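Residues annotated as transmembrane segment in TrEMBL: 12-37, 57-79, 91-111, 117-135, 155-173, 193-210, 285-308, 345-368, 374-395, 416-436.
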Amino acid sequence: MLFGFTSASEVYVYVTCIILGIAILTPLKCLVSAPRFMVDYYKYVSGDPDAKPTPPIFWANILTFYSAVSLVTQILFAPTVLTRTVRRLSLSTRFTLAITSMMIEIVAVLFMPVVKVTQTVAIVVFFIVIILSGIGKSHMEATTYTLVSSMPSKFMSAAMFGCSFSGVITSVLQCVIKGSMENTYESVLKQSYIYFSLGLVIMTVALIMAHSLRYISYAQENVAEYRMMKQANSDEGGCHNDTDGENEPVAKMEEENDVDEEAGMTTAEQLTATPVLPVLKKIHLMMTTCFISFFVTLFIFPSLVLPIDRDHNWFGTLAILCYNFGDAAGRFGTTFKCIWPSRRVLLILTLSRFLFIVPIFLCVFKYIPGHAVPYILMFLVGLTNYTGTLSMVYGPITPGLVTAGQKLMAGQLMGISLLAGASFASLIAIGVAYALP
């Protein structure tokens with residue numbers, strides 16, 4: 001089959017990983033896709049098109065505050081996935097809790113304009129759901145990376161591609177809606193309903209597909225939790241004979257990736273039995289690469305994009321579109337092993353991404369005029385996210401990781417490294433943004 005797929009069940013698991021990746025960034029993409037709705041959110045919650053913002057600085061920078069609070073919450077709670085309490089939870093339970101908390105954020109943002117509340121209440125509720133959703137996002141990422149770390153590397157690429165593809169979906173949708181609808185009070189409200197309703201649908205589908213994996217043969221063959229569930233059901237039914245088709249893929253994966261499956265253990269038990277420090281020592285180079293790559297990305301995007309031309313009606317939309325298409329292409333490129341560089345070369349390529357900062361600042365301060373160069377730069381910044389994605393792929397398959405538990409732990413640690421780089425960059429970018437024209 002195409003791309004090395006051997007069965008329909010493998011394709012289903014691959015698509016599920018993409019959907020889970022899309023769901024990780026869905027709340028953020030929904031808010032970014034409706035910037036006018038969020039900046040004027042105080043008008044909608046109060047039900048008055050002529051309402052005045054209180055305080056003005058918060059509503060004018062609501063997306064900046066959102067990003068900062070969300071990312072700081074994520075990095076603060078990301079290490080909790082390493083606690084024994086969380087590691088004991090099943091993948092299904094973790095997906096349910098994470099996605100549900102993320103959905104609450106979107107529901108709350110949609111619900112307040114319906115019931116009408118004061119601006120103070122809206123701000124308080126907004127911060128509460130951001131923190132709740134941030135906790136969910138940190139666990140959603142860790143759980144997704146844990147899931148894909150137990151399978152061949154292309155599934156990590158699929159999840160990372162899904163994160164970028166969510167941006168492509170919302171950017172294209174934003175261009176279509178923006179070009180076909182008027183920029184009025186009522187029209188902006190309708191646009192927000194479209195974005196947020198789509199977000200709820202995506203996360204609902206992701207939750208359903210995540211739970212359905214327990215019934216999919218390929219997932220049962222590669223993920224300990226689902227394999228043990230199948231074995232338990234077979235034992236209850238009086239069937240104790242394993243089929244050849246059930247065992248062969250596991251043996252193949254053990255041979256190719258040197259995986260030592262802990263017999264008779266679920267995914268939660270494998271994680272609980274795996275010490276963190278030995279895994280950290282083996283993957284520290286890829287964790288550093290991942291941190292640097294996503295630090296550069298989040299320092300540039302989106303904080304340095306809109307200041308290039310704040311007045312042009314379409315510049316921000318098209319610049320974000322260019323970035324999202326480049327990001328999707330770069331992340332999908334990690335699927336092809338023929339273009340994988342060595343780990344040290346990957347670190348060098350990642351460090352070279354700092355060179356993007358200079359021309360982007362020149363664009364901001366109008367030393368490079370026009371929109372053509374910024375569009376190209378945004379596409380290249382997105383395309384070179386290949387380095388961060390490949391570091392995520394390399395993490396769980398680092399030589400020296402022998403057991404399945406170590407590979408799962410590596411996936412979680414790589415996710416924490418990603419969040420750390422993104423959070424640190426976002427906090428610095430906030431300070432820089434205030435100094436820009």
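Cβ coordinates come from backbone N, Cα and C, glycine included.
Please treat TrEMBL annotations as automatic predictions, because they have not gone through curation.
Fair warning: this is a prediction, and the values are worked out from it, not measured in the lab.
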With the greatest number of Cβ pairs under 8 Å to the transmembrane segment (117-135), the stretch among 57-79, 91-111, 155-173, 285-308, 374-395 is 57-79
Counting CB pairs under 8 Å, which listed stretch among 12-37, 57-79, 91-111, 155-173, 345-368 touches the transmembrane segment (374-395) the most?
345-368
Return the stretch with the most CB pairs under 8 A relative to the transmembrane segment (155-173), choosing among 12-37, 57-79, 91-111, 193-210, 416-436.
12-37
With the cut-off at Cβ under 8 Å and a gap of six or more residues from its ends, the chain residues touching the transmembrane segment (57-79) are 28, 31-32, 35, 38-42, 123, 127, 130-131, 133-135, 137-139, 141-142, 298, 303, 415-416, 419-420, 422-424, 426-427, 430, 433
Does the structure show the transmembrane segment (416-436) and the transmembrane segment (193-210) touching, where I'm treating 3 or more Cβ pairs under 8 angstroms (sequence separation 6 or more) as a contact?
no
For the transmembrane segment (193-210), out of 12-37, 91-111, 285-308, 345-368, most C-beta pairs under 8 A are with 12-37
